[in-house]
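J.: Got these off TrEMBL a minute ago, pasting:
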DOMAIN    A:20-242  domain 'MacB-like periplasmic core'
TRANSMEM  A:21-41  transmembrane segment
TRANSMEM  A:285-304  transmembrane segment
DOMAIN    A:288-401  domain 'ABC3 transporter permease C-terminal'
TRANSMEM  A:338-359  transmembrane segment
TRANSMEM  A:379-403  transmembrane segment
TRANSMEM  A:424-443  transmembrane segment
DOMAIN    A:527-638  domain 'MacB-like periplasmic core'
TRANSMEM  A:683-708  transmembrane segment
DOMAIN    A:686-799  domain 'ABC3 transporter permease C-terminal'
TRANSMEM  A:735-754  transmembrane segment
TRANSMEM  A:766-787  transmembrane segment
Amino acid sequence: MFKLYLKIAVRYLLKNKLYSFINIFGLAIGIASFVLIMLYVNYEKSYDKFNGSENVHRVFMDYLEGGEFVPGDANAYIVSGPTLKDEFPEIEKFVRFRRIRNMVVLNNNTPFDGMVGSLADPEYFDVFDQGLVKGDESTALSKPYSVVLSTPTAQKIFGDTNPIGQPLKIAGDDSVTFTVTGVMDNTNRNTHIKNDVLVSFSTFYTWTIFKNDWNYTWNQNEYYTYVKVAPNTNAELLNQKIMAFVPEGFEFKERHHLEPIEDIHLYSNKPYEVEVNGNGGNIKLLSIIAFITLLLSWMNYMNLSSTKSLERAKEIGIRKVVGGKKSQLTFQFLSESAMLNCLAIVLALGAVFLLLPAFNRLVGQNLGFTGNQFKGLLPYLGIMLLGASLAALYPAFVLSRFSPAKVLKGQLQTSKNGLHFRRALIITQFVATISLLICTFMANKQIHYLKNRPIGANLNQVIALKGQILDRAYDSIFYNDFDVLLEELKRNPYVAEISCSRTYPGDDFSNTNSNIGITFPNGHTDETHIWYNYGARPGYFDLMGMDFVAGGAYLPTPEKRSHNVVINEEMVRFMGIDNVNTIIGKTINFWGQDWAVKGVVKDYNHFGMKSAMVPMVIRHDRTTQNILVKLDKRATTMAGADKALDEIKNIWDKVFPVSTYKYTFLDQKFEALFNEDRKFTKAFQIFTVLAILIASLGLFGLTSYTCIQRKKEIGVRKVNGATISEILQLLNQNFIKWVGLAFVIAVPIAWFAMDKWLEGFAYKTTISWWIFALAGMAALTIALITVSWQSFKAATVNPVEALRDE
Amino acid sequence: MLLHLKNIFKWVNSGGQRVFLLKDINLEVEEGEFISIMGPSGSGKSTLLNLIGMLDGFDEGEYTFLDEPVHTLKEKHRANLYKEYIGFVFQSYHLLDDLTVKENLEMPLLYKKYKGAERKAMVADMLDRFNIVGKKDLFPAQLSGGQQQLVGIARALISSPKLILADEPTGNLNSKQGEEIMELFKQLNNEGVTIIQVTHSEKNAAYGSRIINLLDGRMI
């Protein structure tokens, strides 16, 4: 019996090629998008999930901002970890990380760069559930000058020789030798705090590169601190106690605060994060889209199958007349549905495999069906099977309900209920489509707005040179050589301007100082608000194209540093001064020193377009951190830029032969700050197009159903003189009404969603009416084209066919 | 002369063979005639009627309607021609189920660009003439077969055509209702309307002034 059903199903599918294609294709699109999105969503959700991760929390600092505590810093103090552990018995262990950025490791004077390293406490292996491939976890990080390497790093430095016990040096202070004590395999680890090299924390107290920090306790927070609490600890209660806790020697301008490590990647966006984190809101939106696309494709399937079922009325009638029971018929159509769904799933999985590389490029991840990532999908497999069976049940029931007497007389059963149901499906689909369209347009508008919003500085053709000198200390000879380098660079014809600064717009947070405590010119001291500062040489403002609203840049001095500063407009507002001109020449006080304000620079976006304007002080300093080079016009072409970069590198190598070297185009780095959002928008766009495609398929199905149903009416009207365009109008006006209704429902949904999404940006584009109009028009156009395809066919049919009395 | 068919052939290709639906039909119809087409099932009666009504084409021959050569006319022109001069009556009435009697009558006028007031007057006139004013707000399903066919004829007549084409107009009716409909046709014919009907019944055919017999697509 089953074999017979299968045979009929296969023949039916082959006979109705277009219908089968649309049906299977629609389902496959839905399933494939669902799987792709969920792979991505699961990957983002899998950050910092390891054995025991539910008991691990990060300690961060809240700052008192205008009388209220706000998350101020992802770092804690060097003593935060030990102090909290002593005070709270719930805390079993802590790990501190002190980041060593741009670490350069020397193996027999061969430098290896591009690694991230940290000082880390020996409890790391336990708290983070990280084992060692080689070495002993209990001792690997206990002694000073021990290092643990990741497997790729060990491979890079030592090749195939066993790294355990090998000596290593770290650039910056090559008087000390480190010993490799362990190799950890963390390549598959999905974490917000990535490490290639771990140095035992005890090294800190004797290693000279940290000598300036040896005496700090509650005055320097540069330590990412993680605590492991006892199982079944009430984290909320502990958090309350910790927030209220004021350690000895600690001023209550700040407080400690815990957050679950599992939440950091998606939900934390504090100053001084380890890396740019993901966006939980985007992930939520994407999951919603995934479910919507899947739902749409099922609705479609139900719609198309029950529509097409009308054509099989005769088969059902005959089966019933010869004794087929309703349940048998239901089973037949159910098995047919199951076959179609299975086909779609197979097709979808094939598509996922083919599209995965392209999708990975798009979202910048390396997703696949490996181990954990696949396991994460299993719960959704249940949802998929359940949905597919429900979708299959509907047409099966509709089909088996036909009454044989009527069907065999040639009367199609076009029940009003069925039509209402299908109509509701279509309207739902269009609500989803129009909402997605509006969101896509809005997201694009926002990205466009951010891209074109004036930064307040001209980053075009500006590169930042950065490197580490490996063969000597940063002494007076170095400073002389550095000046020689600047002079040489300045003479190069490709170089228009040159200056140095500690940081620049779009650079990492960590190169900017955040401070609390400043005395205004009127003697008032603010102790509650965060403000930022960094050092730059006098030519910096000119080179960056920053405008002054009052005063000007500080002047060069023979010592190349002075107690002169330039502040931004936000700083002036922060001080409560109305007339910017009155501040010029006045003195402000911070770090226990007086500083003279020489100029007020127009507000510029230092931390990218997602952060609001912050009060900023730029100090006159002889920093050698970044050499900023404004390239000449000749370097605007691709070839010109290559030549310029070549020559600059040559000059650098001539002055500092033993060094690392890196250049960065400032405009690219600045734009990279909203790469996440751009990627998200792009993914959103693709899935919107897919959803529209699915909805159009559904509409196509319903139109053909309506045309069958109204065949006679169309014939009568045509015989009575209706033209083709009049028939088209008759058939299409309903669909226009439905799109209109869907539009009315979709607008508030989309408006609400976009309003929420825009909350994540400091600078928002307006939600304009034309976006809605455009989305509505687009949906209407798509609907009309889809519908007209069928209704035109119905309108041009010879009425004789429809009205034959037989 | 109202219409003239000259050497009309119509065929379909089935399995590589030419199957003739109509063979060498020659027919002249004067205004005011009442013609009955008779013949067994499948003899081509309905095909001929549809051809005259310009709903169906033909493969060979000439068809002149009111001195216009139908076979060379453009689709649009032809549509205008039949919109103005031809009315159809069907065996199963083909009223629109979702429209009331009044709306069914009004429907053809909508496609002929009459003004609202004109349409109202014409519908009222027709309801009055057929004595169905009391039924104007009922739906087809609420009427008897005879009444439905009455509405069907009223609809065909509403824009005053010269020619009424009726395909077994009494086929779904009982004998009494059928007689009434035929009487109505007779009366309309006397008023000057040309009528061509397809029928199986000798009795109905007798109402007409001329009978055309078809067999396997040929006039005999």
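Yeah, the Cβs are placed from backbone N, Cα and C, and that goes for glycine too.
Curation plays no part in TrEMBL annotations; they are all automatic predictions.
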J.: With CB pairs under 8 Å as the measure, which of the listed stretches A:21-41, A:285-304, A:338-359, A:735-754 comes out on top against the transmembrane segment (A:424-443)?
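T.: Between the candidates A:21-41, A:285-304, A:338-359, A:735-754, the best contact partner of the transmembrane segment (A:424-443) is A:735-754.
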J.: Excluding the flanking five residues on each side, which residues at least 6 beyond the ends of the transmembrane segment (A:338-359) place their CB within less than 8 Å of a CB in that stretch?
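T.: 6, 9, 13, 20, 23-25, 27-32, 35-36, 39-40, 301, 367-368, 384, 388-389, 391-392.
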J.: Who are the chain neighbours of the transmembrane segment (A:21-41) in space, where the CB to CB distance is under 8 Å and they lie at least 6 residues beyond its ends?
T.: 283, 286-287, 289-291, 293-298, 300-301, 304-305, 340-341, 343-345, 347-349, 351-352, 355-356, 359, 363, 365, 367, 373, 376-377, 380, 384, 683, 687, 690, 693-694, 697-698, 700-701
J.: Any chance you could find the range in A:285-304, A:379-403, A:735-754, A:766-787 with the most Cβ pairs under 8 Å to the transmembrane segment (A:683-708)?
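T.: The listed stretch sharing the most Cβ pairs with the transmembrane segment (A:683-708) is A:285-304.
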J.: Average the per-residue pLDDT over the domain 'MacB-like periplasmic core' (A:527-638) and send me the rounded value.
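T.: So the average pLDDT across the domain 'MacB-like periplasmic core' (A:527-638) works out to 90.
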